[in-house]
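Student: Once you've had a glance at the structure underneath, I'll fire off some questions.
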Amino acid sequence: MIDILLVRENPDLVRASQRARGADESLVDQVLAADEKRRASITEFESLRAQQKSVSKSVGAAMGKLAGARKSGSGDVETLQQEADEARTRAAELAAKVKQREAAADQEDKEFAALIRELDNIVIDGVPAGGEDDFVTLETVGEPREFDFEPLDHLTLGERLGAIDMERGAKVSGSRFYFLKGAGARLSNALMAYAQSIAVEEGFTPLVVPTLVSPATMGGTGYLDAHEDVYHLESADLYLTGTSEVALAGYHTDEIIDLSAGPLRYTATSTCYRREAGSYGKDTRGIFRVHQFTKTEMFIYCTPEEAVAEHQNLLRIERRLLDGLELPYRVIDVAAGDLGGSAARKFDCEAWVPTQGKYRELTSTSNCTTYQARRLNIRQRGDDGKTSFVATLNGTMLTDTRPIVALLENHQQADGSVRVPRALQPFLGTDVIRPA
RNA sequence: GGAGGCGUCGCCUAGUCUGGUCUAUGGCGCCCGCCUGCUAAGCGGGUUUGGGGAUAAAACCCCAUCGAGGGUUCAAAUCCCUCCGCCUCCGCCA
């Protein structure tokens, strides 16, 4: 959610942001109209309520006097009784009116709230305009490898190594499920251990988090807007999270956090669940696009002023991890139309996948500025004692499945074995993976 | 899963039975001021969070807020209903 004050004071900025995303510009004027309507309604209702309260209070006073008069036998009990009754009648009339105006004000406030939630986050200056294909490549690291033999794809390699078993995954759970076995399972664990060790080195606090969350948490992080990708457990009314970002963002919901000692940096490894609905026919081979994988995620709470620097920090850490895996990759500045509603800027790291002849997304980091915090009501207290919304950022350290794809394909050798990059060796306990 | 208890503005706490001077009590902590060679003590004042109005900005005025949401009533921390969380006991269990 963006700040209504910003919409009021600088509507052109909001319009420009919507335009860059290819989103609806007229929403800005709808929001402004709804805001005005709602404020007029609130003012009317509140002044009426103030009247009602003061009349109602006089009923109490009258009753008090009446009781006193009755007890002592002094004073005109009848007159006092009449006064009390009259006040009560007037209060009852006002109460009915107040009820009406309150309902109207509530309705208009709801309409306003629904509209402003539709506005996407303000895109940061410099983000390329346009859609999915309009990204800007910031840097390319390493070179796609020249093979002096015909490279195999990750599934063929994985099966030969006894590392990936799609058939049994499908048998047990259906399509896009899999088993990792032997070296495959060990690679998954090693990648997470590698990520966790770097996370701690970089000053992140590790958490073990819930992967089933309430509708409120899911909605607050904005993931319910992308409904088709989310698993919902009807019997318990809980959602399976597609990333631990959900729990990490929900962690400080409704809190006023202390950022005086610097940003709060958290990391969590969790199983991630994605329906991948609507991706039929896409990436159907192997474990590139699956319903379940494991991911170590970073999450940062900081002041809005620190957000851009923290975003660069997350990108640096992601690159550090990929460098360690010795993969060729590029960094892209994702275009406005491909950001998702919460992000103001997003950098993806895409690794080279030899048998696809393409760079594919391995990690991604988003700067959500105050958009997510506003929805989740996460604030900090400034030096002036006033509260303000914090900025949130998230980034992938590593997942297991896609890096395994990239590692197997890029580091395969003519004899069917796979070289293990040095950084991973301590966690895997070997420098080469051979057929089991 | 069953039974019972509890949830008050940072923390503790009064108020809930018996609805109305409750403008939610008091203490601790914190902040400002006075006093003071310094510190402490003492004294005085302030101290939830949203929202609306007012303002150059404040001061200020108003509305809501006693776990959340409904209801009853002229009036709800207080009565009724639903939900959530915590604690105790019982059952079950890796």
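Just so you know, glycine gets a Cβ as well, placed from its N, Cα and C.
The shown structure was predicted, so the numbers you read here are calculated from the model rather than taken from an experiment.
These came from TrEMBL, pasted as-is:
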COILED    A:77-104  coiled coil
DOMAIN    A:153-421  domain 'Aminoacyl-transfer RNA synthetases class-II family profile'
BINDING   A:T243, A:S244, A:E245, A:R274, A:E297, A:N394, A:T396  L-serine binding site
BINDING   A:R274, A:R275, A:E276, A:V290, A:H291, A:Q292, A:F293, A:E361, A:L362, A:T363, A:S364  ATP binding site
SITE      A:T396  site 'Important for serine binding'
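In the displayed structure, how are the listed features positioned relative to their neighbours?
Tutor: Confidence over the domain 'Aminoacyl-transfer RNA synthetases class-II family profile' (A:153-421), given as mean pLDDT on the 0 to 100 scale, stands at 93.
Within the same chain, residues at least six positions away from A:E245 (L-serine binding site) with a Cβ under 8 Å of its Cβ are A:T221, A:E297, A:F299, A:N394. Secondary structure at A:E245 (L-serine binding site), as computed by DSSP, is helix.
In sequence order, A:R176, A:D229, A:R289, A:V290, A:H291 are the residues of the chain that are 6 or more apart from A:E276 (ATP binding site) and have a CB within less than 8 Å of its CB.
There are 25 other Cβ atoms within 10 Å of the Cβ belonging to A:T396 (L-serine binding site).
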Student: Return the residues near A:S244 (L-serine binding site), defined as same-chain residues 6+ apart in sequence whose C-beta is under 8 angstroms from its C-beta, sorted by sequence, else 'none'.
Tutor: A:V209, A:T211, A:A268, A:T269, A:S270, A:C272, A:K295, A:E297, A:F299
Student: To the nearest whole angstrom, state the Cα distance for the pair A:F293 (ATP binding site) and A:R274 (L-serine binding site).
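Tutor: Per the Cα atoms, A:F293 (ATP binding site) and A:R274 (L-serine binding site) stand 9 Å apart.
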Student: What does DSSP say about A:F293 (ATP binding site): helix, strand or coil?
Tutor: strand
Student: Going by DSSP, is A:R274 (L-serine binding site) sitting in a helix, a strand, or coil?
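Tutor: In the DSSP reduction, A:R274 (L-serine binding site) maps to coil.
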Student: Please report the Cα separation of A:T243 (L-serine binding site) and A:S364 (ATP binding site) in Å, rounded to an integer.
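Tutor: So the alpha carbons of A:T243 (L-serine binding site) and A:S364 (ATP binding site) sit roughly 12 Å from each other.
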